[in-house]
Structure formats: C-alpha cells, structure tokens
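First the structure, in the form of structure tokens, and then the observations on it.
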Amino acid sequence: MLSSEDFGSSGKKETSPDSISIRSFSAGNNFQSSSSEKTYSKQKSGSDKLIHRFADSFKRAEGSTTRTKQINENTSDLEDGVESITSDSKLKKSMKSRHVVMMSLGTGIGTGLLVANAKGLHYGGPAALIIGYILVSFVTYFMIQAAGEMAVTYPTLPANFNAYSSIFISKSFGFATVWLYCFQWLTVLPLELITASMTIQFWNDKINPDIYILIFYVFLVFIHFFGVKAYGETEFIFNCCKILMIAGFIILSIVINCGGAGNDGYIGATYWHNPGAFAGDTSIGRFKNVCYILVTAYFSFGGMELFALSVQEQSNPRKSTPVAAKRSIYRIVVIYLLTMILIGFNVPYNDDQLMGAGGSATHASPYVLAASIHGVKIVPHIINAVILISVVSVANSSLYAGPRLICSLAQQGYAPKFLDYVDREGRPLRALIVCCVFGVIAFVAASSKEEIVFTWLAAIAGLSELFTWTSIMLSHLRFRQAMKVQGRSLDELGYKATTGIWGSIYGVFFNILVFVAQFWVALAPLGNGGKCDAESFFQNYLAFPIWLAFYFGYMVYNRDFTLLNPLDKIDLDFHRRIYDPELMRQEDEENKEKLRNMSLMRKAYHFWC
C-alpha cells in the first residue's frame, strides 16, 4: 500500500529514478541520496508504528453490554431465537476448526495420564489401576451426558458449566466450586513445569532442574503475550505429537508383550502373577489401594468437562452433541483404559523406577518403562520426548484457560473487578499476570522436596475435578426437578442425556463415596501401618477444606444462607434455547429416512462415528 509519504504536496506520486536518467550525474547522486534518506525515514517510521501498535495492544479493549434478540442463521428451522444478555466479545476467538478438532482429542493428555499414574501402579498394582480407571470412566461418561444436555439447553449462558451450580443449587455452592476449579487451573502451570523437569531427568539428573523450568516458563509466557493465535498453533502441533505417541505406544506395547521386540520374549500376564495383580497383603489393604487410585484417575480425566464448551461452538448443537458424546467414548476406551491395561501387562508394580517406589530414579513415566525395561533402546527416548511435549502442552493450556476463567469470575462479581481487564488483542492481561506469578512455584524443582510439592499440587487438582463434576451432575438433577415442578415438558429439550437422571444420580452418589474413601486414605495413608498422619491428610485432602472455606465464607460475607434454591423459583428460561417438539420429530424422521437410503459403508460410519 502507498503511504502519504509516497506523494508530494499536490497528491501526485513522486517521479521514479528511471524517469530522470537524462539528468546530470550530480543531480542523479543528489536524488539517490534523497531517496535513501526517504527509504530510511520510512523504515524508521514503520518500526515506530509497529512498536506503537504493540504498545497500544495492551490498552483496554472497548466493549458494551446490550440486550439483544439472538437468532443464529446457521441453525436449523427448529431452533428459535432466544432473548439474552450478551456482550461485545473482547476475548478474541481466532482458532480454526483444525485447532478445535485436535484439541478435543489431545487436550488434557498430560501429567495425570502420562506420569502421575506411576504412583497408582506402584501402590495398587495393575488390577487396582484398571479397576479404578474403569469406575471413574463410567462417571466421566455420565458427566459428559449431563453437561451435553445442559449445554444444548443453555448455549449462551455466561461461564457455561461454571454457572450451573449458582443457578440450580445455590450461589454459595457455585462460588466455592468455581473458585476451587480456578485454583485447579492455577496449580496446573507449576505442576506441569515441575513434571517437565522430572521428565528431563530421565536423560540427565545432574543439571539444576530450575534451568529447564526457566526455559519452559519463558517460552510459555512469550507465547501467550502474543495472543490466542500463537496458542492455537502451538497446541495443534503439541496435540498431533501426543496422539501419534499414544497410537505408537499401543502398537509397540502389544508387540513387546507378544515377544516381537525387546529382550524378554513373550511376557503375557507374567507380571499379574509375579509380583501380582494387586499390591498389598490383605483385602482391606488392596481395597484401600483402589481408593487411592480413584483420585489419580479423576486427575487424569481432568479436562473432559470442557466438552460442554465445544458444544457452544457448533452451529447445530442438537446434532453435534450425540456425535461428540460418542467420540468421547473412544477417547475414554482407547487413550485411557487401553493404555492402562497395556502398562499393567508390561510394567511390574514393584519396579524401583516408578514414582513413589523410593528408588534412586523415581521419576520415569510408566509409558517409558514399558519399553525401556525390556531392552528397547531408542523408542523410550522418543516416548519421553513426547511426554515432555505433552506436559508443556497442558501448561500451555493452563495459561489459556486459567486467565480467562479468572476474568470470567471478575465479570460475574466473584473476583476483584480489576481482574476483568482485557486488552485490544483479546488478552485477559491482569489475570494472565496473576497466573504467571503463581507459576513461579515451579522453581522448587531444584529442591529435595520436589516430589512432595508435586503431590500437594496434584491433590488440589484431583479433588477439584470431583467438585466440578459433582456440581455438573447435581445441577442436571436439579434442572430436571425444576422442569417437573414448573410443569415443563422434556420434549422442549433439544438433547436429552442418554443416561437420563439415573446416570447423574449414580455419578453424584459415587463421587460422595470417593470423597469418603479419600478421607480415609488421606487420614491413614498407605504404607503407614494404618496410623493417622496429619501431614498426609492435608497433603491429599487439601481441596476439601479450601472448598468449605469458600462456601461458608460466601455465606457469611453476603448473609446468604440458602442451601438450595427453591425449585419453583429457578429461572429456567434465562439464556435458554427453545426447541419446537413437532419440528424436532419431523427432523428426526427425515434423518432416519436419509439413513435408510445410505450405503452400507455410510451406515457403518454413522453407527460408529
């Protein structure tokens, strides 16, 4: 583009050097000198403008809140417009579909799945590990169904699932749960950075871990100060690596177990007999080991609740939600359960390299050990490199989700108002700075207490998932009860959870049992001879007293002692999308007719995908 500097005072463009070739040599030199000065001046001006734009990007974004009638032109005929409070979006949504698809598959695959389950395998054994993950996987699916129904019904609700409990349970319950969820994301950054330093020690344990922490810390902060586009591109690359690693690990583990690779020949179920399927000598001890693994499993499944957010991005959530829920089953079965089974068959629970085993090298991931202890040379280094990428990826996600969650809390009045600052590039700047400051905790990696800090942070994150998932399923139950009390038909719902209210009832009941079991495990920790240990209790149950402090603190400060919002007073139409039952039945019949006319291959794809 031509700037004003390319034109004279008359507005005409300056004569080019070629057009003045008939002038004298000296005149030509004078022109070239003048031209060079102009070029330098333009470059300097361009640099100044770039610096000025970068500085201006940190100024507060402009936005307003209005009441509008929202009608999505991309939705089907059966979706009516809804009247809602909307605000001009300050947080820029610059991610493309390829980013969203890959994130739905890979986001959350990090410390919980790749590293923390080493302690679960060591303390519980392979059978206890698999049982724990299977039990939690059922709750995960029930939570996804409940969140899906609510997200389709309330697609424009501010804060999404974080607002459900405030509306359908009580404000104090919602305040405590969402702040604990915020604490989870704040702890994820230092937790993942510590894990990254532990992962690198597989190669070199002589260099100060804080050096690695500093490198990753600066790298991540640098990404997020350049906005959401930089985050989207880096996450796309990270998640591609994670998915490829999981696929390769599954194939390699089967080959190793069958004797096709490594030095040990056919392994089969050898480690289920020696050292055994369960760790522990008594039945009560083995049961306690399973209880210990449950919280680790919740920590590993962390992030699955973000499924509800993806529903909001779809043009027709009524169609996309069943598909997304079906695909979540594959993620649960393949990425979580299948890999746990393969680890249980290929890694003995008494290996001294597992975290918590007390050996000299207690930092190796079971994914690495599944190959390295059988004599496979190069592959363990590749797996460890991808695990390193994975934990950095989750730390990257925490710097994306954490500041936006804090900003959302400030906008709802649940956090100090100054934290709602969003700059012109869509960065929640002050909230981002808070998260970055919290990440400094990671520099304890050079301390001998590194693994203890890791356990504390993981305990907060694990139990916070319990609270968040319980709030989603309990809100779903309260929503259904309010529909019944207010005489509303379920036919008005665009998507009904396939597990109904019974899935949510089971999920809430099971989570309550997990809270009780975790209390027992925390009070009388494993390997302590059944004796009580106060330090272990707070180390493993810290999230519960934090939640209670927020819950009763909100009650006292606001003088709001409501335990449950009255069912007949709940506003079911706030940000709700209304569906016409007759049009939904008509659309379902049309879809069935299309399915009958499909080829066999298309029918198979429709059934499975």
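Cβ coordinates are placed from backbone N, Cα and C, and glycine is handled just like the others.
Both Gln201 and Lys592 are recorded by Swiss-Prot, but within differently named topological domains on opposite sides of the membrane. Per Swiss-Prot, the residue from the list Ser76, Ser87, Ser320, Ser489 bearing the note phosphoserine is Ser76. For the residues Ser24, Ser57, Ser97, Ser360, Swiss-Prot attaches the annotation phosphoserine to Ser24, which does not rule out the feature elsewhere.
Note on Ser36, Ser84, Ser94: Swiss-Prot annotates phosphoserine at Ser84; no matching annotation appears for the rest, which is not proof of its absence. Highest Cβ contact count with the transmembrane segment (501-521) among the listed stretches 124-144, 174-194, 211-231, 236-256, 537-557 falls to 124-144 (criterion: pairs under 8 Å). In this chain, the transmembrane segment (375-395) touches the transmembrane segment (236-256); three or more CB pairs sit within less than 8 A of each other, excluding pairs fewer than 6 residues apart. Residues 79, 141-143, 145-150, 152-153, 161, 164-165, 167-169, 317-318, 321-322, 325, 507-508, 511, 564-565, 567-568, 570, 572, 577-579, 581, 584 of the same chain, all 6+ positions outside the topological domain 'Cytoplasmic' (473-500), place their C-beta atoms under 8 angstroms from a C-beta of that stretch. Residue counts for the topological domain 'Cytoplasmic' (396-427) under DSSP, helix first, then strand, then coil, are 21 helix, 1 strand, 10 coil.
Contacts between the transmembrane segment (537-557) and the transmembrane segment (211-231): absent, as fewer than 3 C-beta pairs lie under 8 angstroms at sequence separation of six or more.
Against the transmembrane segment (329-349), stretch 124-144 shows more Cβ pairs under 8 Å than any other of 124-144, 174-194, 211-231.
Pairs of Cβ atoms less than 8 Å apart link the transmembrane segment (211-231) most often to 428-448, out of 124-144, 174-194, 290-310, 428-448. The stretch in closest packing with the transmembrane segment (124-144), judged by the count of Cβ pairs under 8 Å and taken from 174-194, 290-310, 428-448, is 290-310. For the topological domain 'Extracellular' (195-210), the DSSP counts in helix, strand and coil order read 8 helix, 0 strand, 8 coil.
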